[in-house]
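**Q** One structure, as structure tokens, below. Some questions next.
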Amino acid sequence: MTTLFISDLHLTPSRTDITECFIRFMREEAAKADALYVLGDLFEFWIGDDDNSPFSRLIKAEFKTLTGSGVPCYFVHGNRDFLVGKRFAKDTGVTLLDEVSVIDLYGTKAVVLHGDTLCTDDHNYQEYRKKVHQPWLQWVFNRLPLFIKKKIVSKAQQDIGKDKQRKSLDIMDVNQSEVEKVLSDTGTSVMIHGHTHRPYIHKINKIGTQKTRIVLGDWYEQGSVLVWKKDQFNLERRNFDSTSESD
């Protein structure tokens, strides 16, 4: 009995090493799991479900094969792939979840999310997020020609890179009060998220209670997988040369 969690792969045609590691993971590990959760930023950028490039078809085919074999796959939007929509879900068989979702892990109640909404100290990002998540703006963007969307996304990538260089690491990390609020609001004892690229298992000790926050890692230099079994869980690395390692 195993459920797997991944996030922040930032898949892109230029990083064939990440893509190869992902495909190997899907075929050798996810295929044997009870379920797979993808907690956002699967892609470096997803410009819309009308992207029918060879690369997008390759990635979608892996999910279609997985779900077609009977392994359910759940997807939470990240800050780089929030335009993944119903057509993607139909093409792949994945289930799109709300940005904050409560799940049952073999009797443990857990909340899963991408993690960007926890970074409330990054005021500029939160304002940007509020704008790009407006339904009317997404409606307009999704109806633009593909070549125009690519230009807009290319400019956005440049701006994001410059913005990150100006920010402190603390601002881009989660706000602890917001973490505790989400745990309290959802009535959960476990939180699983990505986004910050700081893989770690945090213990939150309060009077009479202990809660756990698990942060998934990115896939820039190696894969990062949370392996959750009925009686235990581990954050594990997946090296691009196909070997695995526990954190």
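Backbone N, Cα and C atoms are what each Cβ position is placed from, and that goes for glycine too.
The structure displayed is predicted, hence computed values, not measured ones.
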**Q** For the Mn(2+) 2 site that TrEMBL assigns to Asp41, Asn79, His114, which of the candidates His123, His133, His195 is also assigned?
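**A** Between His123, His133, His195, TrEMBL records just one in the Mn(2+) 2 site with Asp41, Asn79, His114, namely His195.
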**Q** Asp8, His10, Asp41 bind Mn(2+) 1 according to TrEMBL; which of His193, His197 goes with them?
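**A** As annotated by TrEMBL, Asp8, His10, Asp41 share the Mn(2+) 1 site with His197, chosen from His193, His197.
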**Q** Could you round the CA separation between Asp122 (substrate binding site) and His195 (Mn(2+) 2 binding site) to a whole angstrom and send it over?
**A** 13
**Q** Determine, using Cα-Cα distances only, which of these binding-site residues is closest to His10 (Mn(2+) 1 binding site): Asn79, Arg80, His114, His195.
**A** Arg80
**Q** List the residues of the same chain that sit at least 6 positions away from Asp41 (Mn(2+) 1 binding site) in sequence and have their Cβ under 8 Å from its Cβ, in sequence order, or write 'none'.
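**A** Set apart from Asp41 (Mn(2+) 1 binding site) by at least 6 residues yet with Cβ under 8 Å, we have Ser7, Asp8, Leu9, His10, Gly78, Asn79, Arg80, Asp81, His114, Gly194, His195, Asp218.
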**Q** List the residues in the vicinity of the Mn(2+) 2 site, defined as same-chain residues other than Asp41, Asn79, His114, His195 with C-beta within 8 angstroms of the site's C-beta centre.
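**A** Counting only non-site residues, the set is Ser7, Asp8, Leu39, Gly40, His77, Gly78, Arg80, Gly115, Asp116, Gly194.
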